[in-house]
């Protein structure tokens, strides 16, 4: 270390530090001063304060190197100095690292079995399940939604997230090293705290518990960890979130406008309708890796199978066999269909396949149409597969009215029967649609045999369809001998379904007197009479035609509601009619600008009216600011294109790229130039 000195002003108490020239030669004396010489033994070495050690300790340095004892007298100036003084002694631990045993240094890091936060109330946190443990459940393995026990804690008094274990990787493939790497990458990003704390409780002394995984209807997570669902290598069924709302809802103070004024929402369809259509398109395009779910790559003429029924335990109550539901794409017409597989069924009578032909002829708005049926061994067993039309985001009446989530949404216990959950107008709509479907089925000499809450789909707003038609005819093939008996059972099951919906309980059919009394107190007499007729014993004169005659006035109301809803959809469709005009305008730009040659003229796109179109293209897309940065302003682009499409008389100044010439033209003149150039390209000699 070369010698150095610190220049000090006159009268300063700082002492220059001078290193000796060699180890053998004594160090040079500092400037003669009795006070400095006397205090040098009590002052702490500056090298020790700055660097943590002094290279010349014991080799001629006269300053104090012992930090363990006091180096200044009680009345010295150093005692009276501030605690943050540069002359304050540096902290030095009493035990150095060299004294730590090697087995302690090489010990594995401590991993707590549970995450606990000590609060005044001693709040404890449930330990997180590890991957592969029995506590962890995948949501597609059961009918109900499951979450891991992992929670995120936010202490608002401290203003940060206490350390928590990283999120457990979800649905990792066996031996998937790449998947583990992506989860590690997600956890590393999660440490940055990308999410804000606005989603947590406002009480500063409370702790918020937020599940770390998303459910099947929400595409956003409130955890401060990045969600591993967003990585495509994961085997998760949840896709990336879509940006449904590209514009906000109208504000209250602009709701009352003049007749000539409009908000931006007047030019587009409603937010909820747009979101619903986008969610249906998204559901139609979902795919999974077939090997991860033990699914065949191809099944007959269908491929890209996607599991729709996510329950692991299959009930055999309805069909007598376990059944599975898949979404698939047909390689013949490219359309999406729904496949229902009956597991373990061996077809013994080939004539039973002919029953499907009668069902294929039925086309009704309240019946899920069947396309074909075939047997297969692609799943490793004898299976019977029925092909139906696919209705995305549909749910059964059981899931809509009797599941635990629907009961909780209406603040009702799971036993049901405590209030009018379904309005009478909705029930009349159900009765009208089911009666129309049953009328069509019975008129064709068939029986539905599927009037069950779990086999009736709700595909839209109060729009229901009878599903799984034709399955029981093939599973219990009898040649049509008992068709009249099955038709009578359809009417009885029809009445049981309506009374269950009205009483909000599936067990209401077990106590009919009490259920009828409840209906008579909450619904109209006509509604009760229809139910009593449907629940009567089978007679030769009992038919669905009598039911239709009883609900005649209600049918007129249903037709009126359908026509109103049709007018609403037509109105929303008209708002999207001209949304493609800007795209057509941009296509014309693409045909004209930078065209290499036309009509044996290589400079056609750079001369005449086309040169004006080129300058306008630069005006719209190639502007720069005062610093030379490109101007990327979507509002400017849309405003210019809308004015061009309308052909307004507003004038703008177009400047050439060399800034040697400028033109003042109107949008109307530019539009005429574009139309003229496009007609030249479209003509045929």
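A Cβ is built for glycine as well, from the same backbone N, Cα and C atoms used for every other residue.
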Give the range, chosen from 111-140, 141-170, 171-200, that TrEMBL lists as region 'Disordered'. 111-140
Neighbour count (Cβ, 10 Å) for residue 455 (ATP binding site): 20
Least crowded of the binding-site residues 340, 396, counting other Cβ atoms within 10 Å of each Cβ, is 396
Counting every protein chain shown, other Cβ atoms within 10 Å of the Cβ of residue 394 (ATP binding site) number 21
Under 8 Å between C-beta atoms and at least six apart in sequence, can you list the same-chain neighbours of residue 390 (ATP binding site), or say none if there are none? 284, 327, 336, 337, 338
Do you know the mean pLDDT across the region 'Knob domain' (592-685)? 89
